[in-house]
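Peer 1: Mind looking over this structure? Questions follow.
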């Protein structure tokens with residue numbers, strides 16, 4: 001085992017990386033509230049894992065979406081548990097995200113030189129809310145359908161481009177299969193990818209600049 005480790009150590013300098021991670025200075029004013037961002041990240045990982053598991057059985061069509069969700073809940077082994085964890089973790093992620101934003105704002109963590117860290121955080125907050133909006137529609141039940149109809153109809157109030165935005169979101173004039181396909185693609189591919197990219201940027205900047213000092 002030692003020879004294997006030495007082989008990797010010689011090429012990748014694993015010990016230096018481990019020492020850098022474990023020896024990072026933590027300011028004395030840091031308390032439990034500074035862990036909320038990490039909890040949000042953990043919820044995101046749970047969402048990815050449980051969401052990926054459900055993609056094996058979910059069918060993103062207006063004719064089969066609701067039935068496929070019922071199948072996950074009643075026939076798939078532990079399907080009810082996986083979907084329930086996905087739903088609970090989603091609520092927890094939104095709550096932790098809001099608390100994290102408040103903590104950073106109230107402790108002045110958005111000030112110079114951490115403006116870009118704040119910007120990436122705000123973008124991830126928008127992505128988190130978008131996860132909720134797009135995921136809410138996927139069962140394609142009465143609640144999901146009318147929620148989509150209302151949400152996608154909001155931009156219609158924007159002068160000039162409102163109608164175009166509505167048709168872009170819905171994939172047509174009305175809510176239908178094209179809308180569900182768009183929301184499914186956003187929920188399972190576009191938003192996770194965007195969130196992962198900005199999350200990496202967020203972490204790298206925190207790693208570079210460190211945790212902000214006390215007020």
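The backbone N, Cα and C atoms fix where each Cβ goes, glycine too.
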Peer 1: Please state which member of 91, 212 Swiss-Prot lists alongside 37, 100, 103, 114, 202 for binding heme b 1.
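Peer 2: Answer, per Swiss-Prot (heme b 1 site with 37, 100, 103, 114, 202), from 91, 212: 212.
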Peer 1: With every protein chain in view, what's the tally of Cβ atoms within 10 Å of the Cβ of residue 207 (heme c binding site), excluding that atom itself?
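Peer 2: There are 11 of them.
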Peer 1: Within 10 Å of the Cβ of residue 83 (heme b 2 binding site), how many other Cβ atoms can be counted across all chains shown?
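Peer 2: Other Cβ atoms within 10 Å of residue 83 (heme b 2 binding site): 21.
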Peer 1: Can you name the far-off residues of the same chain, 6+ from the ends of the transmembrane segment (116-136), with a Cβ under 8 Å from a Cβ of it?
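Peer 2: Hits for the transmembrane segment (116-136): 47, 90, 93-94, 97, 100-101, 104, 109-110, 143-144, 147-148, 151, 183-184, 186-187, 191, 194-195, 198-199, 201-202, 205-206, 209.
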